Amino acid sequence: MSKNSVIIVAAGKGKRMNSSISKQFLQIKNKPILYYTLSKFSTHESIDEIVLVTLEDKIEVCGDIIDKYNINKVSKIVPGGKERQDSVYNGLKAVSKDCEVVLIHDAARPFVTSDIIENGIRYTNQYGAAACGVIPKDTIKIKNEKGFAIDTPNREDLFIVQTPQCFNYNIILSCHEKLKKHNKKVTDDTMVLENYGKSVYLYEGSYSNIKITTPEDLILGEQILEKLT
């Protein structure tokens, strides 16, 4: 029977947080951010396994969090790579071979909802690839190299992409292998498919599905958690 697997990418160092502690290990309400992220997927009935990708020297720390909070479905903890795309590739190689849909998610994005996860799987089964996100609230400007505004895109045509980003496993693995062979750089996994002419369906995420990257995000995260509990 085919599986739905999730790769949690927790290999970032969080330089923008101005902290010696990696952002995924910082705490909200006395629990690490990683706990909230892992628990969202481990308790979701459509998720069969979790592969956690982290810094090599943090594998033991992650294992302790998993044990302390009795988090299920984590099949492997694997070391990350130099860049995020290398970490994702390591995760892709570690998932079960009977995986059909793989979700790739930021460890520092702890407020993903059950509906976002379920819709990602559903749309991937329908279209082969899907990513959640939101329409920007602010007006977006395009500027030239001198710093002057030259265009104002219609906000309805713009999309702030979040995670999870969800894919047919064989498609995303094949594209990552090509990316590695051609030595191309990307900033997220939808770009991996775009590089090879594949389309990604974009569906509604949530403005609360933030990635915690700055001290201000930690404060906002506490407020979001209070509303959710």
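Note: Cβ is positioned from N, Cα and C throughout, glycine not excepted.
Listed in Swiss-Prot for this protein:
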type: SITE; residues: Arg16; note: site 'Transition state stabilizer'
type: SITE; residues: Lys23; note: site 'Transition state stabilizer'
type: SITE; residues: Arg155; note: site 'Positions MEP for the nucleophilic attack'
type: SITE; residues: Lys211; note: site 'Positions MEP for the nucleophilic attack'
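What Swiss-Prot annotates, mapped onto the structure for a quick look.
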| residue | record | DSSP (3 states) |
| --- | --- | --- |
| Lys23 | site 'Transition state stabilizer' | helix |
| Arg155 | site 'Positions MEP for the nucleophilic attack' | helix |
| Lys211 | site 'Positions MEP for the nucleophilic attack' | coil |
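For Arg155 (site 'Positions MEP for the nucleophilic attack') paired with Lys23 (site 'Transition state stabilizer'), the C-alpha to C-alpha distance reads 30 Å. Across the recorded sites listed here (Lys23, Arg155, Lys211), the residue whose Cβ sits among the most other Cβ atoms within 10 Å is Lys23. Between Lys211 (site 'Positions MEP for the nucleophilic attack') and Lys23 (site 'Transition state stabilizer'), the C-alpha separation comes to 10 Å.
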